[in-house]
Amino acid sequence: MYQTTAALRSAFLEYFRTNGHQVVDSSSLVPVNDPTLLFTNAGMNQFKDVFLGEDKRSYTRATSSQRCVRAGGKHNDLDNVGYTARHHTFFEMLGNFSFGDYFKREAISFAWNFLTQELKLPKERLCVTIYETDDEAFDIWTKEIGVPAESLIRIGDNKGAPYASDNFWQMGDTGPCGPCSEIFYDHGDHIWGGRPGTPEEDGDRFIEIWNIVFMQYNRQASGEMLPLPKPSVDTGMGIERIAAIMQGVHSNYEIDIFQALIKKTAEILGVTDLENKSLRVISDHIRSCAFLIADGVMPSNEGRGYVLRRIIRRAVRHGNKLGATSSFFYKLVPTLIEVMGDAAKGLVETQAIVEKSLKAEEEQFARTLERGLGILDGALNELKGDVLDGETAFKLYDTYGFPVDLTADVCREREITVDEAGFEVAMAEQRSRAQAAGQFDTDYNDSLKIDEETHFSGYTELTAQGKVTAIYKAGESTDSLNAGEDAVIVLDSTPFYGESGGQCGDKGLLTAKGVEFDVKDTQKYGQAVGHQGTVNSGSISVGDTLEAIVDKKLRHRTELNHSVTHLLHAALRQLLGTHVTQKGSLVDAERLRFDFSHFEGVKPEELKAVEDLVNTQIRRNHKLSADVMDMDQAKERGAMALFGEKYTDEVRVVTMGDFSIELCGGTHVGRTGDIGLFKITSEGGIAAGVRRIEAVTGAAAMAYVAAQKAELDQAAALLKADSNSVVTKLKAQLDRTKLLEKELSQLKDKLAAATSADLAGEAKQVNGAKVLIKKLEGVDAGALRGLQDELKQKLGSGVVVLAIAGEAKVNLIVGVTKDLTAKVKAGELVASIAAQVGGKGGGRPDMAQAGGTEPEKLDGALEQVLPWLEERLA
């Protein structure tokens, strides 16, 4: 019964569905609007606001099988994965939840009946822990469920503070909390370990399988515990642990899901030892990596993307350890989909993107992996002691892309630890250097702390009156300004848009009778809007009323570029995949720049399709609407939220027909048709996994097209062709050029052969070897190599030194016949000559080349060659 993990998952959800629970799909591994979490790490995460009373659902009972990741941040199991029986970066948490519905009696009964009646686990193999003072739970377990008192264990405050216990759960320092009951399974006395609460509890005999949390208190900042008006229940059972029990194995890595992945990895890599720990690491890591990418996380150098990159690179390193010579990790995705069953729905839809992303990241890391491992191996071999210094760990991170935990993983296998504190010092020093390099001129206005609040009226008007509430000059508050002075002016109300969300601040004028202030930029300072600029005429004081006039032309052009970024974002997601997310943008009156997550360069045909789709949406002339609503409403409407942006409870939703809907506080056109034309001017990578598109719109796009056409016409004129046949004519010219280059090369070879016959006669005898040292005139540098080969053949046994002097340039080549390389090394000789003419070079013992920048010193350098050779050929 329930021999597969998929069958067990279905049985759990069906059991609770028949007991009145709403089956809720697993939420994304990326927590929505919860800045406290890096990844979803528990079943209750998606119900957090329900427990806090901030969200209402249509149900009061729920059940789910939640995908979870623990890697990075506070909850980090990465270092232990592969080395223990139960640590994972990815796991599924089965759970049932009550939101003010049932409480202890029903929760305990549901859990016990599922384990003993549905799964038919022997009751004598189960024991239960409760919080020391939870007499209510004790009575339910013993008197109603019938668990013997000796199988019930009270756990007190074992973590050094009141209510700090393995059996007392709390969401944070304040808020909902309460005691919990944990059910343990006894794997048998053949495995070392003791019952919970004993000195041997960390052994593997007694394994926690289900935690039932009773949220019955609201903890105050004072520490006081106030009873909740509606107590709730949150439970969690790791599917891997219960699957191990049902499948009669002890380690999670022995269950069906992991065994399928382990065997597939072994098959791909040609490994026969299925107990190898590296196979465990890889089989675990493919689960977290694949599902993270499916949920929109892409490998990068920051935040969630960097955690993903660390996990992928750890898996790739273990594959390398097993002998992998090419990309293998992405090949596990089909097997993962097969064994995950219903839990793989989101993965099926994104399979192609997941595989491409994994392969691209693996190939990128493979370029530096071998060299980095060689440097690490050398450092460990020379190590005196058992601690690798932080500087070396940082070099591996900075130069070869080795996350510090990957370095620690390699060291661990040799019983060596990494000085992680030293690593952090080196990292901090690099940050300081980067910050220092980026600081040129100090702008005191950038760090202003302004308490005032400004009302923004610029969505509906570009001219309005505002009262001066504050003035800042050189970072200091002042009461007045005179002509010629630079300052930041804060108004109580303004139509000027302060830079935010990638949109640059407005420019324009602040005026009054006899007064003009030139606004060169507008910035936000908390709730205030600051107008940065210069007083052109008159004087301004706090309390004055000014007319605020936004530059309409600049604002309009900026709006074109901002609106089209929404269309571009939607087009990229539609054509490249939903993994595409905005990573940054810059929108001003001249152009737009849009950064987005993608694992490879955008192909020309894809870029054209994106541009065409955006222009199609422009021609459809969608009406734009901007509506303010609460965050939940926005989510229900499918609005795109941008990662890294902070949103308030009320958000502004910008909609463009049925094509784009995003949260945005910026200013936009009235209809997409106002944009006119969209032209992409460039696409490229700015970081691993992050691409950048630059583009223009409207009149700027027309000017760009006109410039391209003018360039095409100029090329046509040079080729003596019409603009429609430029490519054909150019291809013919290139083919002709290749043919001429081939003929030229053949002529040079003939010339070299003829020249070599003449030059060979100029060779001198030096201790039985022929030596030719010659500065050549009228010979192309490209012919030197062939010429020295010809001369070596003609000399039979000898040394050839040839040089060409040009304007501020020297070309050198040295050839040595193989019978003389024990005495004369070509690389050593050419380096000696090059050093005298302001250059350097090197090569093989029988042939080496070099360059220099001081041709005036060449004759003197060549005069030194003969004595150098006489000494070595003696």
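Every residue gets a Cβ built from N, Cα and C, even glycine.
Per Swiss-Prot, Zn(2+) binding site is recorded for His562, His566, Cys664, His668, and the stated evidence type is sequence analysis.
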Given a separation of at least six residues and a C-beta threshold under 8 Å, show me what packs close to His566 (Zn(2+) binding site) in the same chain.
Val654, Met656, Ser660, Glu662, Cys664, His668
Protein Cβ atoms within 10 Å of His562 (Zn(2+) binding site), excluding its own:
25
Other than its own, how many Cβ atoms are within 10 Å of the Cβ belonging to Cys664 (Zn(2+) binding site)?
25
Starting from the Cβ of His668 (Zn(2+) binding site), draw a 10 Å sphere and report how many other Cβ atoms land inside it.
23
Compute the mean position of the Cβ atoms of His562, His566, Cys664, His668, which form the recorded Zn(2+) site, and then list in sequence order the other residues of that chain whose Cβ is within 8 Å of it.
Gln503, Glu559, Ser563, Thr565, Leu624, Val654, Glu662, Gly666, Thr667
